[in-house]
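The structure appears below as structure tokens.
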Amino acid sequence: MWGASCARGATSSAGWPGMRAIATDVTHGPWNWLAGQRTTPLDALGNWANIEPRSGRVLASIPMSGPQEVDRAVTTAQAAFPAWSRLSGTERGRFLSAAALKMREHLEDIARLDVIDNGKPIWEARLDMETVIGSLEYYGALAASFNGQHVRMPDGSFALVTREPYGVVGGVGAWNYPLQTCTWKAAPALACGNTFVYKPSQFTPITAVILGEILKEVGVPDGVFNVIQGDGSTGALLTQHPGCSKLSFTGSVPTGIKIMQAGAVGVRNVTLELGGKSPLIVFDDANLKNAVKGALMANFLTQGEVCSNGTRVFVQKGIYGKFLHEFVNQAQKMKAGDPLAEDTTIGATINEEHAQKVLGFIERAKKEGVTVECGGERIQLESGVFTNDLTRAHRVINALEAGTCWINTFNLAPSEVPFGGVKMSGIGRENGTVAMEFYSQMKTIYVEMNDVDCGLLYQD
């Protein structure tokens, strides 16, 4: 998913003055990031073979953090919380803004690491880095102005409503947008004064640690941001840890349910950004070229591995023939190949298991009578409406039960506006000012300026 600026042609910053190379060795650890340094876990649940999607080669064997390591990570974050939370929002925001600048210096290197991690094409990875930078910039600026409320009461008394950090936030991310998912959680969490322990997907372990190194370089205190590697078992240990006061997860619905159950044990706040089955509706009066562009964005970004993809495209009869012809024409022009090649349109699926799942859906569709217009063979939450009638667009959008909707575009997710789903697609929101509310808790303070009146309870 892109921020608005990315979709309008933002370019790579490779070659900026002062740019220094970052560590790009993806074959040697350590892979955890605790207390401001790469660390080897105290204990492991086994080792995970990290496979590069573009080549199928094993990059490294990564230890999956066990209960002792998870406890060490949470304890480290707890120790860093008092000092970090006492900083003013302006001070915390300054760190995030500095991290955004540093990230821009390293944009090309990190984008290439994201390709190695995930398999998406390099042109798309560069745009993802712009959304990462945008998130750091946005919450860096917002941190200074995120305030509470003053309420005047009768006879000079008043109440203060403040927003306070939870403490340690436990985050678990997805593999389709490795660094973006991490930053969407970490940036607002840190801006509010929380400390953070993050477990990336076991399929994409590389770039979250790079964010830790950048935060360290700009002066963020040790222990404020931490990364532990592992699969679902490690994620369960993290989300069940009583030291995590807030949980945030991006991923599948079944896992989201488990994390919500874990949060219920301690009555902890949970943000869930889960998968969905998103419709895209194209009316007769839609701009044909823009509608096709939107449908391509809705289905082919990150090889189609996106929670908000428009998996069902409904086209009105009057425009159906022209739409299908142009859509197939554009799909046939796409080039699947090496994700690091500049002219590659479609990269590699995350792993063999996922590739087989996709092929299985195609075969099932064929058996059910679906006509395959092009492709369909192996090679080596939300909703949208396209129409020039805004009255119709709003009428249809208002009837859709969806958390995020697009009119005449698709799959844009700028930092400035909330993103998330409804029903089984999740609760809470990423992005926008509202995300700060999900990473902070409310405290009401009543200040009495007069003698206390307790009625008949007190007799002179």
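Even glycines carry a Cβ here, placed using N, Cα and C.
Listed features, source TrEMBL:
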DOMAIN    49-378  domain 'Aldehyde dehydrogenase'
ACT_SITE  Glu273  active site
DOMAIN    381-445  domain 'Aldehyde dehydrogenase'
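Mean pLDDT, taken over the domain 'Aldehyde dehydrogenase' (49-378), works out to 91 on the 0 to 100 scale.
Less than 8 angstroms from the CB of Glu273 (active site) sit Phe249, Thr250, Cys307, Phe419, Gly420, Gly421, Ser425, Gly426, Gly428, Glu430, each of them six or more residues away in the same chain.
Taking DSSP states H, G and I as helix and E and B as strand, the domain 'Aldehyde dehydrogenase' (381-445) has 18 helix, 20 strand, 27 coil. Look at Glu273 (active site): DSSP puts it in a strand.
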